[in-house]
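**Q** Under the heading substrate binding site, TrEMBL lists A:THR157, A:LYS183, A:THR194, A:GLU280, A:ASN404, A:THR409. Per TrEMBL, active site, nucleophile is recorded for A:THR194.
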Protein chains: 2
Amino acid sequence: MTVNLKAPLKKNIINVPGFRFFTFGARIKLKNIKNDIVIVELGKKSKTAAVFTKNKFCAAPVLLAKDNLKSNDPRLFIINSGNANAGTGQKGIEDAKKINIELGRYFSLDPNLILPFSTGVILQNLPVERIKDSFKSNLTKIKYGSNWIDAAKSIMTTDTVPKAVSKKFNLGKYEITCTGIAKGSGMIHPNMATMLGFIFLDAKISKTLLKDLVRYVADRSFNLISVDGDTSTNDSFVISTSNDADNPVITKKDKMYIKLRHNVLEIAKDLAEKIVRDGEGATKFVEIEVKNAKNLSESKIIGKAIANSPLVKTAFFASDPNLGRILSAIGNAQLTDLDVSDIDLYLNNNIVVKNGMLSKRYSEKKAIEAMKSKEFKLSVDLKRGKEVATILTTDLSYEYVKINAEYRT
Amino acid sequence: MTVNLKAPLKKNIINVPGFRFFTFGARIKLKNIKNDIVIVELGKKSKTAAVFTKNKFCAAPVLLAKDNLKSNDPRLFIINSGNANAGTGQKGIEDAKKINIELGRYFSLDPNLILPFSTGVILQNLPVERIKDSFKSNLTKIKYGSNWIDAAKSIMTTDTVPKAVSKKFNLGKYEITCTGIAKGSGMIHPNMATMLGFIFLDAKISKTLLKDLVRYVADRSFNLISVDGDTSTNDSFVISTSNDADNPVITKKDKMYIKLRHNVLEIAKDLAEKIVRDGEGATKFVEIEVKNAKNLSESKIIGKAIANSPLVKTAFFASDPNLGRILSAIGNAQLTDLDVSDIDLYLNNNIVVKNGMLSKRYSEKKAIEAMKSKEFKLSVDLKRGKEVATILTTDLSYEYVKINAEYRT
């Protein structure tokens, strides 16, 4: 069940100079025969910055990747699906290190220059021996992938569609190439975890600004989506640049940086939106805009309070313009000094609540009509500032309960 | 759908000296023919303390009741079901005041000595004229109620069972009588709101301690339940004492106070538990105990993070011991310095997770067996302090989605 989402076309996904990948199967889940490992090689000039889950129960690969990122820029990523290596304690960290050491041997590389990413079942140990065996069969003669869609496919778990986006744009006279892949459809399938997002580009940029970029972009893309309000143990978002483009190195927050940031953000937002459209049991895609807020933080808090309310989400599912639930969710967000008698609500740009009360222009018939569509937009006007945030979310359907409840039964 | 919950027996619900009530119908919802108004008369020596919803979108009657409580102790409550008088702005407050003025005329009472409580549809104006008409027919010759179960019935909205509890206990040689009624089954049925709880007793106690009592009891009863994580616009919990018992006035936090508090808390916990057992679409009743926490606050935060996770709740529904989801919900609670490698989980006192990893003693078969029961207990041991809190919650079933989605369709 996806909401207006199709797999990307091969011709639209382009290779970024300075990066190569290959993918193979290690039967991480014994039954699986699909490719479940992706290895990404990063050029020698490449730089990487990342943000990781804030879940305190964060997985072993997250801890190791964070640690390895502190020193030198990585030269290799290994991403596996099927097992999250989360809730595995010290053994989980040792397992991830073993894989890095083994992989380092094949590439004559310091294991600390390898970043691991895992997604899949929680509370199970990584099948280290099977992964090592798969290295034997696949790393002596590497078959490089030709299209990143194959990488996107290999990192899928409960996703129904691979997620990849590419873009070329200019910084002055210099052409920049950027490709992103992602996976996730909520923190979802029983014991499954993780949103993973990777963006590769070739623009020359200082490490300090790359770190700024990854945070800025994450906050305005992946951190603005919500399927079920749960942050997984393995969530990771990474931006790597090969520094292979011809532009002069960006070292300041100048026009060139702003333009780069804008374009990378477009890619990230597109990937994030695809995750929501592939959300578990989603039958609706809903944009929740919270505008004229004092600051970005309060617009996010209110947007997520609405997006995460089961009562609001079931009303979305039923195409029921249940405005009381939306107002109540806003009231529950517990913002200091929020004056609810200032609040207006719009459904697809038609006013439905004015100053905290039903608008005189409200038509229930029209509201139901609007919500019957697979996609609609809800706007909250707080009238107390200038900031705006848009949260993307889904409804809560029978299918959601089914997917999440019927796995074992 | 209730989980092991039956209506109270008439013989078990007793009148508290100093309080009288009567109930009648005002057709607040035009279609309704049931009694939807309860009026409670409080004796001249009575004292009242209350806590109200923290939802910023709080209803007109809540604003007025809060205001009236600031000055003198109230002599009358008027509680209506069918309309919450929420999201009605200034007109809502004026409507509530009109009702109080009219009611004051019949009782020769200052309207400020009347506390209004409303529960029902949001965003609709109170039918003031119909309520006034009902006064004409019912207040000239009052027929007092004989059993508080009738009062409990009149305040029901989506509740399937009236909720009332009584208890007699001794403070030294003095007998105290205490009866409580409540309504609520989540913030639930489309546009319906509200948990209301009232406890009446006759113990002599100072106003200062009564205020302390209501907060203490609310925090350990009604504030520890969660059906869908939403706090309604009208939630109110009130304790009134007639001061008619013979005990010497309690003015200190002495043994007598502690004993009184214990007994009142028992009543409140019982009422709160009934609300959960009558929770929307509930097929399971789950106790989530969080123990050995640094403080009460963090045990509540973790308990509610688990209780409010849709992923955890659907797993409860499916009798699926999905421990990864529970650990992830704990990790998401974002407690500072929480060390997840300290955490143990128990299912009905059997260890399932030890130090953040699957316990060696874990048996999936036994865990499924335990969760197949209509009631089970989950314990989280944080091993970092001495505080404990137990959150009562339900699962998230197809029926929940149905109840909340199919109202208008």
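Even glycines carry a Cβ here, placed using N, Cα and C.
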**Q** Let me know how many other Cβ atoms fall within 10 Å of the Cβ of A:THR157 (substrate binding site).
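**A** So the Cβ neighbour count for A:THR157 (substrate binding site) comes to 22.
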**Q** According to DSSP, does A:THR157 (substrate binding site) sit in a helix, a strand, or coil?
**A** coil
**Q** Which of the three DSSP states, helix, strand or coil, fits A:ASN404 (substrate binding site)?
**A** helix
**Q** Within 10 Å of the Cβ of A:THR194 (substrate binding site), how many other Cβ atoms are there?
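**A** Cβ-Cβ neighbours of A:THR194 (substrate binding site) within 10 Å number 27.
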**Q** For A:GLU280 (substrate binding site), what is the tally of other C-beta atoms lying within 10 angstroms of its C-beta?
**A** 26
**Q** Listing the binding-site residues A:THR157, A:THR194, A:GLU280, A:ASN404, which lie under 8 Å (Cβ to Cβ) from chain B?
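**A** Only A:ASN404 pass the 8 Å Cβ test.
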**Q** Could you list the residues of the same chain, at least six apart in sequence, whose Cβ is under 8 A from the Cβ of A:LYS183 (substrate binding site)?
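**A** Non-local contacts for A:LYS183 (substrate binding site): A:SER81, A:THR119, A:ALA152, A:ILE155, A:MET156, A:THR157, A:ASP159, A:LYS163, A:THR194, A:MET195, A:LEU196, A:ILE275.
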**Q** Across all chains shown, how many C-beta atoms besides its own are within 10 angstroms of the C-beta of A:ASN404 (substrate binding site)?
**A** 27
